[in-house]
Amino acid sequence: MTEAVLRVKDLQTQFQTRAGVLKAVDGVSFEVRRGRILGLVGESGSGKSVTGYSILGLIEPPGKIAGGEVLLNGKDLTRLKGEAMRKVRGAQIAMVFQDPMMTLNPVLKIGTQMIAAVRAHDRVSRKAARARARDALAKVGIPSPDERLEAYPHQLSGGMRQRVAIAIALLHNPAVIIADEPTTALDVSIQGQILAEVRRLADETGTAFVWVTHDLAVVSSLADDICVMYAGRVVESGPAADVIASPRHPYTAGLLASVPAEHELGTKLPQVPGSTPSLANLPPGCAFAPRCAKAGPACTTTPPVQHFEDGRTALCHYPIEPVSCQPLSSTSTAYRSAS
Amino acid sequence: MIGFLIQRVLQALMVVIAMSIIVFLGVYAIGNPIDVMIDPASDQALREALIRRYGFDRPLFEQYFIFMNNMLHGDLGESFIYRLPVLNLILSRLPATLELALTAMLIATLLGIPLGLWAGYKPESMSAKAIMGFSVLGFSVPSFWVGLLLIMVFAVELGWLPSGGRGPTTEVFGMNLSITSLEGWSYIILPAFNLALFKLGLLIRLTRAGTVEVMSSDYVRFARAQGLSEGKVVGLHVLKNISIPIVTVFGLELGSTLAFAVVTETVFNWPGMGKLIIDSITVLDRPVMVAYLILVVFLFVMINLVVDLIYGQLDPRIRVKAAS
């Protein structure tokens, strides 16, 4: 087992608002090893995107990183400032955003934007930068990359644009790429192609990915490991296949149960009752307790991190007992029988 | 591209023709120039002769066609007052206004865009708030008053700069310009700054609004995530995206500065076109008024045409629409 390239330890990101301090990310820890893909899963507002931005130091006021460490190959990024952080961004750690329609500047040619990205870190000639841009486009499976360099973003499809964004992220062979829901805005068929491409790139280049998403189907087919986030905390983590086959946290179980594809036809689709709590007034103790069928008297106190076999964790007083070697549909049974 | 150009030129032509009719009718609806031109004591025969000479006895549409025909031959008539061809009269005043207007636009652009960028880049800073406060003053304080204040401070109290007039000129490409000499600059700097003040306020606010919007966009965030320096983010991504509204306003303001620098030219006694038109209106010098207004229309149409062409260069999405 190789050393983790990215290790996030007890990360705290807070937003100062009129309603008080919002803890968007509250003690998140995880690690990713070389060439591996970590799925960071959660509903809207769970803090998964803010975690991504925090890692790159792209949190803007009134937000700030209030504590914790982001160790990239052992170097703490939260201590870097200004120019030192700029040199890391894009070179050692890169990011891909959700909406490919918005992430490329509409009035600049693809080539201009890519050459600027190359020359942000390497003092090379325009010609050399252009050659690298072309190679990067070819690497992510874009046909006739030379012509694409001359194109403007609006002349490309959404899937193409997202490939360009991934190509830009890959330009400097970063150790880690944070991908913030990059396939959410795309057709399912295009999404499939891109996921396959990312898997291949991770295996070939050794780049580690943190794949932020709300889509469990994406994670189950792509990620090696999973972190499930709820209200700014990691509630469950572990190897993707294990977590999906046998979730230990009631919230993960609830999410899995509400995936339509795994559900029997003609019966009502189970949902996680209620909605994500506002960060401004979180319930005391476990934030999920008001929506949880398994909640007990202990849940008004902060739950402990429970460690299980294979490095799995769950943030829960009453974790679900493991179901061994059961098909996916039975996980929903496990959740419901417990209720 | 050629098709787009032809289409725009034809549109421009229609505008010029429509405006020529409006201007002609408008000016001819006011008063009788003969009364102004001749001695009230002169006899009826002289009056009649003069009316016939200027063609005022003919039907209005005939007068219009004669006027248009002459105009196409480069003859915009003769001033009633100066007894000079109108075109020469206006062109002799054009360089003065041109250099004043261009200097003013230069000041407004070179100060306004950087200040606006800064105010939009750091909107919470004290300096940004000071810039915004200044911009409000820039376009809300009446320019004649600012002009008088400038004269009071820099010409009368401090005595650093002359209070008015144009100073020495040298001939460049057949135009008399004063910006070629340092002494000429001492004359032009106050009126140019006075004229620039409104545009400066406008450009600051426009640039700031665009910058604030673009700074919060995904592509700026993505550019930062790529590790682009802040200078590159602003210089490459922000500047080009905010340039379309800026170019629009720049074009319109350039046109209106050239045409209507009247107040500043009057306050600083600057011998430009604005002063010429005001003088002509007071003495009802019709040919000058008509020719001037048509020249202004032509100027606006040309500037807008150029602005449209620049749009295509700035935003490729506009180019696509124009081609289809």
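Including glycine, each Cβ sits where the backbone N, Cα and C put it.
Caution: TrEMBL annotation is automatic and unverified by curators.
The transmembrane segment feature in TrEMBL is assigned to B:12-31 (among others).
Positions annotated as domain 'ABC transmembrane type-1' by TrEMBL: B:94-311.
According to TrEMBL, the transmembrane segment annotation covers B:100-119 (among others).
Counting only same-chain residues 6+ beyond the ends of the transmembrane segment (B:131-156), those with a CB under 8 A from a CB of the stretch are 115-116, 118-119, 162-164, 190-191, 193-195, 197-198, 200-202, 204-205, 208, 263-264, 266-268. The annotation transmembrane segment is assigned in TrEMBL to B:131-156 (among others).
Residues annotated as transmembrane segment in TrEMBL: B:185-206 (among others).
Here TrEMBL flags B:242-263 (among others) as transmembrane segment.
What TrEMBL lists as transmembrane segment is B:289-311 (among others). Panel annotation: around the transmembrane segment (B:289-311), residues 5, 8-9, 12, 15-16, 19-20, 23-24, 27, 67, 71, 76-77, 86-87, 90, 244, 247-248, 250-252, 254-255, 258-259, 273, 276-277, 280-281, 318 of the same chain, lying at least six beyond its termini, place a Cβ under 8 Å from a Cβ of the stretch.
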**Within-chain partners of the transmembrane segment (B:242-263) [C-beta distance under 8 Å, separation at least 6 from its ends]** = 97-98, 100-102, 104-105, 108-109, 113, 143-144, 147, 195, 199, 202-203, 206-207, 210-211, 213-214, 270, 272-275, 277-278, 296, 299-300, 303-304, 306-307, 310-311, 314-315
